[in-house]
Amino acid sequence: MDKLKIAEWGEKLKTGGAQMSRMVSEKVKDMLQAPTLESKMVDEATLETLEEPNWGMNMRICAQINNDEFNGTEIVRAIKRKISGKSPVSQRLSLELLEACAMNCEKVFSEVASEKVLDEMVWLIKNGEADSENRKRAFQLIRAWGQSQDLTYLPVFHQTYMSLEGENGLHARGEENSMPGQSSLESLMQRPVPVPPPGSYPVPNQEQALGDDDGLDYNFGNLSIKDKKEQIEITRNSLELLSSMLNTEGKPNHTEDDLTVSLMEKCKQSQPLIQMIIESTTDDEGVLFEALHLNDELQQVLSSYKKPDETEKKASIVEQESSGSKDTGPKPTEQEEQEPVKKTGADDDKKHSEASGSSNKTVKEEKQAVKIELGLSSDEDEK
């Protein structure tokens with residue numbers, strides 16, 4: 001009997017436990033592998049001591065991926081390890097970092113599909129002991145990616161979403177019903193703009209929030225001082241990163257960079273929110289001072305961003321005017337153009353005749369000189 005049980009257990013390990021064995025081997029391999037610069041950056045961006053995502057760090061990671069300074073595969077692998085970890089804080093921050101990289105880096109979606117990050121997210125969703133907010137957040141991302149028409153070239157996203165929808169339809173409907181009542185800083189940032197920021201994928205929840213809310217005053221005035229401080233911190237991180245990119249030497253076309261444009265749009269969206277904080281804050285002078293100072297910095301950076309384009313337009317206008325002034329002089333008529341040609345021909349003929357005459361005269365003089373030297377008389381010459 002013991003041998004039969006051992007044989008049965010062996011068969012179970014070969015079939016049902018094959019996937020678990022691969023997961024264990026991958027985790028052991030990751031543990032034995034030396035930490036890379038990419039993994040260190042992900043560790044720093046997903047520290048358990050962070051209460052909110054470090055958007056400055058997240059955007060810096062995206063910029064370094066786009067500049068090929070970081071290996072996108074290593075970043076995705078490090079995020080995958082954090083999602084499969086046990087820390088709810090690290091899981092939440094990893095999901096936010098994953099979304100930021102996917103929105104701002106073209107190649108990240110392919111890495112997410114090839115590194116089987118979706119499997120870890122599905123495991124997180126189905127894990128009843130995991131944090132409920134993290135499970136919802138993972139499902140939101142899979143749903144948005146699965147419904148996106150831009151990701152049809154990667155069928156794994158749609159297949160994973162449909163698999164979850166079929167297995168747990170009640171969970172999906174329950175979440176859709178619960179989402180409209182929630183109000184987050186991310187949804188508030190999207191309200192002033194009728195379209196999602198460039199480079200982002202369509203998120204149904206954001207579109208629904210845009211349709212239900214008419215302005216910024218809906219729930220923004222009820223934000224606590226803590227929420228206002230968080231909004232100020234998020235905006236400041238984006239502004240600092242944008243300022244550093246605009247002031248980077250050796251990049252004359254930085255205004256055309258996709259990440260720069262995305263950060264600029266985020267700062268534009270944040271400016272009315274900061275102004276609302278200024279108007280609604282009456283009980284905390286510290287928050288009011290920070291909001292006023294940040295608003296001044298936003299206006300300065302936004303105005304400096306527009307200057308290169310205006311300078312280029314003025315330069316092109318001046319160049320057109322200068323080129324136009326050169327061509328405004330009167331053009332010679334066809335008759336005037338032909339007259340110099342005729343005159344030149346006449347002058348050439350005259351010069352030719354003079355040259356021939358002078359040459360004949362020179363020949364005669366030479367003959368006369370020869371005769372004188374020989375002592376020939378003029379009479380003999382006449383004979």
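Glycine is no exception: its Cβ is also placed from the backbone N, Cα and C atoms.
According to Swiss-Prot, the feature domain 'VHS' maps to 45-178. Sequence annotations record features per position, and here Swiss-Prot assigns domain 'GAT' to 223-310 based on sequence analysis. Per Swiss-Prot, the feature region 'Disordered' maps to 305-383. The feature compositional bias 'Basic and acidic residues' is assigned by Swiss-Prot to 306-316, 339-354. For Ser377, Ser378, the entry in Swiss-Prot reads phosphoserine.
Residues belonging to the domain 'VHS' (45-178) score a mean pLDDT of 87 in the model. Residue counts for the domain 'GAT' (223-310) under DSSP, split into helix (H, G, I), strand (E, B) and coil, are 74 helix, 0 strand, 14 coil.
Counted with DSSP, the domain 'VHS' (45-178) comes out as 101 helix, 0 strand, 33 coil.
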